[in-house]
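Feature annotations, courtesy of TrEMBL:
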COMPBIAS  B:1-11  compositional bias 'Acidic residues'
COMPBIAS  B:15-29  compositional bias 'Low complexity'
DOMAIN    B:236-292  domain 'CBS'
REGION    B:1-40  region 'Disordered'
TRANSMEM  B:317-338  transmembrane segment
TRANSMEM  B:344-370  transmembrane segment
TRANSMEM  B:391-413  transmembrane segment
TRANSMEM  B:419-444  transmembrane segment
TRANSMEM  B:456-480  transmembrane segment
Number of protein chains: 2
Amino acid sequence: MSGADLDDELKQDDAVAAEAEAESPAPESESLDEENRLKPEFVRNVMDALDEEDSDRVYELVEPLHPADIADLFELVNEDERLQLARSIRDLMGVEVIAELNDWVRELLIEALPADVVAEIAEQLDTDDAVAMIEDLDREDQQAVLAELDPEDRAAIEAALSYPEESAGRLMSREFVAVPETMTVGDLIDFLREHRELPTEFWEVFIVDAMHRPVGTCALSWILRCPRNIPLYDVMSRDQTLIPVDMDQEEVALRFQKYALISAAVTDSAGRLIGQITVDDIVHIIQEEASEDILRLSGAGDGDINEPILITVRARLTWLCVNLATAILASSVVGLFQGAITRFALLAVLMPIVSGMGGNAGTQTLAVVVRAIATNQLTDSNTVRMILRELRIATANGAALGLLIGGGTTLLFSNPLLGAVIGAAMVINNLVAGLAGILVPVTLDRFRIDPAVSSAVFVTTATDTMGFFSFLGLAVLTGLA
Amino acid sequence: MSGADLDDELKQDDAVAAEAEAESPAPESESLDEENRLKPEFVRNVMDALDEEDSDRVYELVEPLHPADIADLFELVNEDERLQLARSIRDLMGVEVIAELNDWVRELLIEALPADVVAEIAEQLDTDDAVAMIEDLDREDQQAVLAELDPEDRAAIEAALSYPEESAGRLMSREFVAVPETMTVGDLIDFLREHRELPTEFWEVFIVDAMHRPVGTCALSWILRCPRNIPLYDVMSRDQTLIPVDMDQEEVALRFQKYALISAAVTDSAGRLIGQITVDDIVHIIQEEASEDILRLSGAGDGDINEPILITVRARLTWLCVNLATAILASSVVGLFQGAITRFALLAVLMPIVSGMGGNAGTQTLAVVVRAIATNQLTDSNTVRMILRELRIATANGAALGLLIGGGTTLLFSNPLLGAVIGAAMVINNLVAGLAGILVPVTLDRFRIDPAVSSAVFVTTATDTMGFFSFLGLAVLTGLA
């Protein structure tokens, strides 16, 4: 615990420290609300100024904002005002704003710019941000931008683009610090002071052997605290997590999380150090991948509220059509029992309860299992145990709901047989829901299909058809209708 | 001081963990598969050794693992073997393993340990990890552990526990480096070399004024690259993001993400620096909060596969009972039309298609909106625009699906009126779904209710009842039945 000791140290310098920095460093409150979002009034003022084509006023309003807030502002104004906003604040559109922009908004702006301006921006960005900026451009525009880059940057970006999308190769930055293990702490500090072209911010130094293969890492905090004469191989940590360049970004994120990494070395197939990935990019990926699971489970495609509406409609409609097929399948099960329904219409009234509750129970299990798979909590080692666990839960919930709805039905309609039928159907459908909820995603995962994308259709099909079939089938079997 | 002394000092901090780490250089080992998860064969070997009560064999197997993998192993073995595993590898149970354990597993182990052993572990942990370890203990056990702690640590942990759960105060570590701005780079390096009790790893140094209020931060990479005589106020960044101690952890995570932070200063109500939060904790929170949204949307409670089964059953059953009420409500709408169904049973066959498709469309919108709210993408500034966007999408999807299902029904049953009725009901229910999908979560958010928890019930109620009502109602109105 260092707080107390430091306090003492600080007091010695009270007098001088007091005079500087009287102004408050707190986030400026005219534009941001208490949750750190741009205030609606502020956004409206900007939009009004844009409407009036008052570029000076726009500039004046936007100028005090942090780059990340300027990026947010682009999302909050109307689509047709975004280009105008960019023109009004041209010299505020630094690389930090560009890097923070939502993909769709950035694409809109980038496409409106001439290739040489895009190239100029790309040259100022780290490789990974430059790649993110141009990877979604169509082939022709991409080539035009690449042609404008200076050869070194072009080579770096082309190399990154040669790796698969969402792989470590796209994510890594080629700016990093790597030194031989023969250096001492003092050599390293001198090296850092002399080399101005190093990245502005880095958190670890990679130590490499003669073949440029990483052999250890050194946190800057250790270097700062060691005497100059200590050799790096005495302070470095040999326990490093290396990221192969073709690793999927989701896997990379899981490793960062598991080993609490700040940065990690990326290696090529020969084991040579070719880049680094830093945790600030990983934070975005974790958010992205988790959002993806929610959105895919519900069939909402990428679900970005800034994507062009036609893309949204197409993504959602595709999913709805797949679900339409399963709805028709379930409905055809009901069709088998039209005679029974004509004789006893109450069956049609109650049947949505059985199918709907099964659907809810299946969705619960599915959500838990999909997340457990995504976070490596559910592996081959505990699959069987988890299936048994879900069955026990389904039995308990099925029994409870079956008794509740069976009892209620018996009392309400004075019909014990109807109560028994709906109760039994509820138990059966809860078991179907629990089993489908875990077996479907686990099976898809075995076949390397993303369980978040396609599980829900199968699970709903199972609970809908089995819900109708068990309830209506039992009604006919028991002579109820 | 000699080099060897220093090396020893550095390593003493986590002696146990370091010992284990030293022998696991390569990730491609016998124990890990290509996705960096423990291999099922390996887990089975450990479980077999546990069954045979062969502690030596267990130790031998587990010893080469990284602490994070040892933590994973506890999740993968059966519940009733976890205590036995802990006993078999007692001296491998370093603080890094404890900190990485799943909450439920940790609780199981901690509860089985005497208070003084727990206190001993807590003293080795950073404040935030120590708090995480004991915050879920029941009051009595917590007091027993606190009583065993040395006064300084007890004060720190009690202070942390006095902040609300999931707030910055619980999350922050009290170990950080803060220095007055009057120091030069050289002074700072000397200070760091002299003070052994500083945290082992840190990424930024906080610069404070005489009142201990943060005035800037200095990345270690800048310090390393500056000549010794430069004053800190010339290299520090004044553009800092301060975290008030009572800020919700989700909000903290959003700020880290927005401003790409590595660490941030936590301040009390007087603006004094009292702790720091580092990005490795934030990575866990982002994962946690996103998972929470998925699990809550589907009513699966916390959804942790390690939580005791009774807690899981209770959480899921509560949700199912709420949904039962809405299912009964929807079913009572069908009940209004029993006469029509008796006359024309085909209505009962087709009605689940209308309600089900509405449910799917509503879930899509809901997932997108809930994520957009959680990530601060949807704010008061663009709510109206987003409602209009969802209405346009709903109209497009409703029209497409209405034509498809209406046309199909007309052809299949040679009944144009039935086709028109189901087509119209589909359009209506898609609009209901789109509207409910955005208005429900936005409204809940206004009232500061987590939209992920309760939106789905309202949306499904709307699409189920309106699906049945529009379809059956139109059928009766048009004289179809």
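Note that Cβ sites are derived from N, Cα and C of the backbone, with glycine treated the same way.
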Query = So which of B:317-338, B:391-413, B:456-480 is most in touch with the transmembrane segment (B:344-370), counting Cβ pairs under 8 Å?
reply = B:456-480
Query = Based on Cβ pairs under 8 Å, which of the stretches B:391-413, B:419-444, B:456-480 lies most in contact with the transmembrane segment (B:317-338)?
reply = B:456-480
Remark   = Given the transmembrane segment (B:391-413), its same-chain partners at Cβ distance under 8 Å and 6+ residues beyond its ends are 346, 350, 353, 357, 361, 365, 419-420, 422-424, 426-431, 433-435
Same-chain residue ranges lying at least 6 outside the transmembrane segment (B:456-480) that approach it to Cβ under 8 Å = 297-299, 322-323, 326-327, 329-330, 333-334, 336-337, 340-341, 344, 347, 350-351, 354-359, 361-363, 366, 417-418, 420-422, 424-425, 428-429, 432-433, 436-437, 440
Note = Looking only at the domain 'CBS' (B:236-292), mean pLDDT returns 90
Helix, strand and coil counts within the domain 'CBS' (B:236-292) (DSSP) = 24 helix, 16 strand, 17 coil
